[in-house]
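Working notes, beginning with the structure itself.
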Amino acid sequence: MALGNSCIKLLFFIINFFICIFGALICGFSLWANLDKEFGTHLGDFVRQIDGIDVKLINEIAEYQASLWILVAVGALLFIVGFFGCCGAGCESPVLLGLFIFIIVILTAVELGATIFAMTNRNEFVSSIQQVLEKSSSTPELRKNIKPIQNMLHCCGATSQTQNLYVRDGLCGPEPIAYPDNCFDRISHMVQSWGESIVVVAFILLAIELFAILFSCILCRSSQDIRYTPYYS
């Protein structure tokens, strides 16, 4: 019984270690999926400077980014919970184990919901970005507003169809152009590539969390059996 209990403790420690690692990964990948810590600020300022933008487009962009920030928060919390889980793997308190299970279940549900929402709305986010960028190319004054995004992403022009307008206005620097990719292609490529990484890490983390809940329940039951055994012996 003692040997089996020690094995469960070891597995519980290992699982919490992986929760700590993958929590950090999901946090990091979600930050990268937001392209840059200043991307949301630049994008928000850029959209507000464009007249006649559909409110639905603004909401789709905001909701997608909000779901990624939720994953950042969940990843950070899982890192903290996993760290304390590693430290407390030897503690067999049913109260602490029950609290651990409760927190993991809540974070798992939030993580799963945010991941599904972000991935199902990824195409809408990209489409909204494209429409906003195309709208921004209508006048020379609006085209100047994309300069902070160009500098941040090292791109030239809003879309492939409007890139020549930015080159003509001298907004991409002297020819030959240092960064030939347009901003929409850069954004869509980064959203697609990092989105796939988030899905992989999120579902691996989900499997680890399920094992953590399982072994927490086993360890909790085992600690209760050990605690109450003397009363019946």
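Backbone N, Cα and C define each Cβ position, glycine as well.
Remember, TrEMBL labels are computer predictions, not curated facts.
Note that the structure is a prediction, hence the values are computed from the model and not measured.
Recorded disulfide link (TrEMBL): Cys183 to Cys155, out of the candidates Cys155, Cys217, Cys220.
According to TrEMBL, Cys172 forms a disulfide bond with Cys156, chosen from Cys156, Cys217. Cys183 (disulfide bond) and Cys172 (disulfide bond) are 11 Å apart (CA-CA, integer value). All protein chains included, Cys172 (disulfide bond) registers 22 other Cβ atoms within 10 Å of its own Cβ. When Cβ-Cβ distances below 8 Å are used as the criterion, the transmembrane segment (66-88) is approached by residues 12-13, 15-28, 30-31, 33-34, 96, 100, 103-104, 107, 110-111, 114-115, 117-118, 121, 198, 202, 205, 209, 212 of the same chain, each at least six residues removed from its ends. Of the recorded residues, Cys156 (disulfide bond) and Cys183 (disulfide bond) place their C-alpha atoms 6 Å from one another. A 10 Å cutoff on Cβ-Cβ distances gives Cys155 (disulfide bond) a total of 23 other Cβ atoms nearby, all chains included.
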